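Working notes for the structure below.
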Ligand SMILES: [Fe+2]
Ligand SMILES: [Fe+2]
């Protein structure tokens, strides 16, 4: 099972590498550079050691203040895009193409679910956390699989063995099946390992989006492979989560599948997405 997850990580990691690269050069961030070279396994080693309840609470508090930037959703798409433009021209397509590929593929099959198209467009915007103006977080705190903290780490999580070095691993308050949670408490009451998913969820929620809860669910849990691929942590889900998970399963097919070479004419589809943004978000958001 872990091997499958690792494959996804390679996809995701491959996608992000241009960022690590350009930052490594521009800002002489030797930590990020060495991290990039260590590969997927070391990425997860760091991730599993440092993602603790304390760490997640601190990040949610810090980034929940939304005091860094004010910009529109589309401006954020472009911001994420610029990062890739700075790097080697031989590298992957710009992020905005992945966002639009996902959104357009969903739109083709689900023409009436406009909220799902918009979820496709914005689901990865939280990757701006890699940018210096957002604190330039390391890869392990931005991308990769996510999972709950505050209860036992499920064995289906990729590279589970590294959790033994996590300080929560031997904490009796955090290492039981329920930990700090209770049966069917609802995933929105569960602390997730910190990354671009939870950050974008916070941004959308705090800026009072009118997107349905299924869209917020997709944004927050799209990297939660232990749940949507392995069926772990179902005991924490409430009835609404069960309903929303159906949409997440649909979404995930497009998210992975769309990392392809199908080009999207950004200028052609932009008016449609601007109209969706206007429908579901304020003109300017706090980030
Ligand atoms: Fe993502
Ligand atoms: Fe994605």
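One is the number of the first residue shown, and numbering goes on along the chain from there.
Placed from the backbone N, Cα and C atoms, the Cβ positions cover glycine too.
Annotated in TrEMBL:
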BINDING   28, 85, 86, 87, 127, 144, 145, 222, 223  substrate binding site
BINDING   98, 123, 124, 196, 222, 255  Fe cation binding site
Lowest local Cβ density (other Cβ within 10 Å) among binding-site residues: 123, 222:
222
Of 124, 222, 255, which binding-site residues come close to ligand 2, meaning Cβ under 6 Å from one of its atoms?
124, 255
On a C-alpha basis, identify the one among 127, 145, 223 that is nearest to residue 255 (Fe cation binding site); the candidates are the binding-site residues.
223
Of the binding-site residues 98, 196, 222, the one whose Cα sits nearest to the Cα of residue 127 (substrate binding site) is 196
Using the recorded Fe cation site (98, 123, 124, 196, 222, 255) as reference, state which further residues of the same chain have their Cβ within 8 Å of the centre of those residues' Cβ atoms, listed in sequence order.
99, 102, 127, 197, 223
Of 98, 127, 145, 255, the binding-site residues with C-beta less than 6 Å from an atom of ligand 1, in sequence order, are none
Cα of residue 123 (Fe cation binding site) to Cα of residue 223 (substrate binding site), in Å and rounded, measures 10
Near residue 127 (substrate binding site), how many other Cβ atoms are within 10 Å of its Cβ?
26
Densest Cβ neighbourhood among 98, 196 (binding-site residues), 10 Å radius
196
